[in-house]
Amino acid sequence: MLTAAAASVKPTAALAATAKPAFKPLHLPPLPPAGTRPLTLSVSARPLYRQEHVLATVAVAVAGRGDRASSPAPPAATADGARPVEISAPAEPAETARRARIGVYFATWWALNVIFNIYNKKVLNAFPYPWLTSTLSLAAGSAIMLASWATRIAEAPQTDLDFWKALSPVAIAHTIGHVAATVSMAKVAVSFTHIIKSGEPAFSVLVSRFFLGENFPAPVYFSLLPIIGGCALAAVTELNFNMVGFMGAMISNLAFVFRNIFSKKGMKGKSVSGMNYYACLSMMSLVILLPFAIAMEGPKVWAAGWQKAVAEIGPNFVWWVAAQSVFYHLYNQVSYMSLDEISPLTFSVGNTMKRISVIVASIIIFQTPVQPINALGAAIAILGTFIYSQAKQ
């Protein structure tokens, strides 16, 4: 009876009209056949805060061997107006910062060098023993760096046997140049030594040409003529000319050019910074120089000269020795930080331009007599250095 009643019930027309199906059928597009272009889906993500929209493009390859992601060029804008963001690191600010850093290095290097030359000449006037003076300069720098490494003010370098082998020729050239320059400073005026040493670019070009096989444009070679001529004119007209002092400056030029070239080669591919590189160089040069200093002068001569200098100058003499030793290390350390950023020839140019301030300061402080023809020779040499730097660029 219940079955018959249920069968007799029929839905009304209104109910049939308002009834909706529970699920709407979903029609998916068929997959593309093999060999067609990959399907590209563009997803635009909008952050909650106001910034440029980020466009992410996902490419899915349906056909082919395996699933490989392809990255087509993103469109200019999606349907909702989002645009892709292009991020590129500008190179110019980094180069500007590098040049500013080198400029600070050069200015500090020149200022420290002026102070060193003043105190070095004062010490040599009262204590004319250049071998011991050179040794004390290297010893002070070595002690400063060992203390910095021990107290972790500076990070100690990680070196090996190959590093010290590559450093050996640099240390030999540095030792020769350092002693030769100090010998020259002990025999002649500071200004004369630095006028002769302003010819270093000429030595640099000649060494690079005949020993390294580098060729330079003709203007570079012509720019050496005023450098050589100006140095020669200044030497001939020097009132306090001394052959030992002159040869010391010339030998120092040649040795330092080799040192700069060997240093630049030795620093390539090494994890040792310029500061630590010079610290290691000072230590090795000290080991090389010490036996020669003892043989050339000796402790007995040093003791007698020290007592005489202290008796004449007083306690200030000790401070002079300490100052010239510390400032020698500091200006060389900064110069090697510069050499870490530039080429050996640019280093030689900066080294020569530095001598202008040294020459002027020494003439004023020590009241060195300068003849007009002598000053003209120095000016020609320095002008030649400027022309050389322009021709090199």
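Placement of Cβ uses the backbone N, Cα and C atoms for every residue, glycine included.
Summarising the annotation, TrEMBL assigns region 'Disordered' to 66-90. Residues or ranges marked as compositional bias 'Low complexity' in TrEMBL: 76-90. The annotation domain 'Sugar phosphate transporter' is assigned in TrEMBL to 101-389. TrEMBL lists 102-119, 131-151, 216-237, 243-262, 274-293, 372-389 with the feature transmembrane segment.
Here the transmembrane segment (243-262) has long-range neighbours at 169-170, 173-174, 176-178, 180-188, 192-193, 196-197, 199-200, 203-204, 207-208, 212, 235, 339, 344, 347-348, 351, meaning same-chain residues at least 6 beyond its ends whose C-beta is under 8 angstroms from one of its own.
Counting same-chain residues at least six beyond the ends of the transmembrane segment (372-389), those with a Cβ under 8 angstroms from any Cβ of the stretch are 191, 195, 198-199, 201, 220, 223-239, 349, 352-353, 355-356, 359.
Cβ atoms under 8 Å from those of the transmembrane segment (216-237) belong to residues 192, 195-196, 198-199, 201-202, 205, 208-209, 246, 371, 373-374, 376-385, 387-388, 390-392 of the same chain, restricted to positions at least 6 beyond its ends.
Note on the domain 'Sugar phosphate transporter' (101-389): its mean pLDDT in the predicted model is 87.
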